[in-house]
Amino acid sequence: MAARSEARTGMSDRNRPLTIAVLGLGLAYLVAPLVFVVVNSFNDSSYGGWPPPGFSLRWYERLADQDGFLSAALVSLVVAALAALGAVLAGTAAAVSITRFRYPGRRLIESLLLAPLIVPKVAIGLGAFILFLQAGFYGRDGALVALHLVLLLPFAVNIVGGALVRIPPVYEQAARDLGAGPVRAFASATLPQLRRSLLAAYLLCFMISFDEVDATVFVVAPDQVTLPVSMYQYLQKYQDPTLAALSTVLIGATFALVAVVLATAGASATAGLQGGKGRTR
Amino acid sequence: MTDATARLRAGTPRYLLVLPALVPLALVFVGSLVRLADLGLRPFRDGRIGTGVTTDNLRRFAEDPYTWRVLGDTVLLGVVCALVTVVIAYPMALALHRLRSGALRALALFLIFSPLLTSVVVRAYGWNVLLGDGGVINQTLREIGLIDSPLRIMYEFPAVVIAMVHVLLPFAIFPLLGVIAQVPRSALEAAYDLGAGRRQVFWRVTFPLTRHGVVLTWQLCFALTISAFATPALLGGGRVQVLSGLVYTNVGAVDWPMAAVQSYALLVLTLLLVGAVNLAFRITGRHSR
């Protein structure tokens with residue numbers, strides 16, 4: 001019985017070539033621009049002419065001479081690290097509140113927490129720029145972190161909330177019954193089960209912040225340009241493969257990081273992208 | 001509500017837990033939108049932003065035919081990109097769902113995830129290399145003698161669509177995969193047992209059960225497209241203008257009130273769509289699954 005329905009509802013041999021072809025074409029489309037960025041970083045032609053006239057490492061040498069990218073990368077790393085940390089901490093507390101408790105206004109709070117996903121980034125970016133300017137906060141160290149934190153909150157709430165719904169509260173209650181305070185009960189009974197989701201949430205938030213252009217481009221002061229914004233500005237002026245070399249370095253670094261991460265928290269990160277279905281019951 | 005939840009409720013500062021998230025949201029997010037609304041209602045004369053309240057900017061927005069054309073292009077881009085994305089993403093998600101080999105599945109998932117790891121700016125550069133006049137595609141086509149002069153793809157509508165769909169695909173495939181996986185096996189088995197063919201099972205069981213997810217995914221892709229800034233700016237090269245690009249230009253030209261009104265137009269557009277889709281679900285009664 002099991003074998004028969006497997007053959008019917010699963011994949012039959014007749015469909016296999018089609019399945020592979022659909023997936024193959026789609027994946028080729030997804031990977032193509034990345035592959036050609038890497039290939040082009042070794043292109044000797046200065047305008048990235050095709051086919052490459054020769055192999056060259058000179059774009060990597062030129063990249064090493066540009067200190068603008070390095071300082072921008074440092075800004076991006078610091079902003080992403082702090083904003084992701086803030087978003088995961090605040091997002092976890094909020095997720096605990098809206099998944100573990102019932103109170104009036106809970107739905108409203110949940111909608112507000114997820115609202116930055118719907119509002120266009122351009123609107124948030126421009127609004128934040130005006131707000132920071134009038135509050136004397138523009139150009140301060142915390143300005144970008146504050147903006148990114150708000151943009152990241154929905155993702156953190158989604159991932160952690162989605163995980164919390166799957167963890168029964170009985171363990172925590174048992175800890176309470178054995179005399180633990182609410183914080184200790186949460187830390188000893190629920191937190192260990194949340195570890196992977198917290199890691200996934202942090203990494204996803206970090207990546208989103210590290211990549212953010214649409215809102216950031218309005219808020220950055222000239223001396224605090226982030227890496228994607230500086231790449232954006234560079235690409236508007238020049239089209240030479242220096243950017244390809246930089247991109248290749250970035251691709252290499254992220255892929256190395258991800259190889260490690262996928263082994264530990266991959267499933268939860270995917271769940272986060274699926275929107276944390278059934279967050280509230 | 002379970003008994004445990006009910007007991008947890010007692011004596012715990014449940015509102016307090018939301019504060020670390022709500023305070024920055026209220027200050028930065030709500031604050032920004034309030035400031036933006038305020039700015040949109042300020043008078044703008046002789047290149048200066050005045051005080052007081054006026055609806056001048058709304059009138060300027062409504063009376064400018066160029067703005068309306070850009071608004072139309074923005075909506076068109078959103079509709080086309082979201083549609084193309086869903087049409088590509090759905091078969092991919094279905095194929096992925098049917099894939100039995102665990103290793104192949106993991107590899108495919110990783111490849112779908114991989115564009116998210118690189119900046120949209122980097123990907124725009126990659127498309128530049130592929131689609132440009134002297135780029136990979138044009139040179140290859142010329143080599144094999146299919147074309148004499150390069151196809152103009154770059155800095156035109158197709159380039160923006162190609163790059164934008166690429167950005168959207170991971171955001172569409174993952175949710176669709178979740179939706180397709182939720183189709184109960186028993187429903188498929190029942191359809192087969194009743195003698196339905198493969199095609200019939202898809203159109204009468206699988207697709208209707210996933211329709212809700214398809215519409216929601218389309219909606220998400222539309223919202224992401226109309227608010228995207230970097231990809232249309234870099235691949236449209238100024239020739240394809242979208243509303244977010246106008247906002248950026250107006251900020252550079254110090255016409256902030258106009259930029260604010262245009263930002264709100266984007267927001268209203270998104271909310272209208274979300275509202276329309278929700279209403280449609282309610283009317284067709286598919287909202288409660």
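Indices start at 1 and increase along the chain as displayed.
Heads up, the Cβ atoms here are built off N, Cα and C, so glycines get one too.
Listed features, source TrEMBL:
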type     : residues  : note
TRANSMEM : B:15-37   : transmembrane segment
DOMAIN   : B:71-277  : domain 'ABC transmembrane type-1'
TRANSMEM : B:75-96   : transmembrane segment
TRANSMEM : B:103-125 : transmembrane segment
TRANSMEM : B:157-180 : transmembrane segment
TRANSMEM : B:214-236 : transmembrane segment
TRANSMEM : B:256-281 : transmembrane segment
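The recorded stretches the transmembrane segment (B:103-125) and the transmembrane segment (B:214-236) share 3+ CB pairs below 8 A when only pairs 6 or more apart in sequence are counted, and are therefore in contact. Residues 74-75, 77-79, 81-83, 85-86, 89-90, 120-121, 123-125, 127-128, 154-157, 159-160, 162-164, 167-168, 171-172, 175-176, 179, 242-245, 248, 266, 269-270, 273-274, 277, 280-281 of the same chain lie 6 or more positions beyond the ends of the transmembrane segment (B:214-236) yet place their CB under 8 Å from a CB of it.
For the transmembrane segment (B:157-180), same-chain residues at least 6 beyond its ends with a Cβ under 8 Å from one of its own Cβ atoms are 77, 80-82, 84-86, 88-90, 92-94, 96-97, 112-113, 115-116, 120, 123-124, 127, 131, 206, 210, 212-214, 216-217, 220-221, 224-225, 228, 231-232, 235-236, 240.
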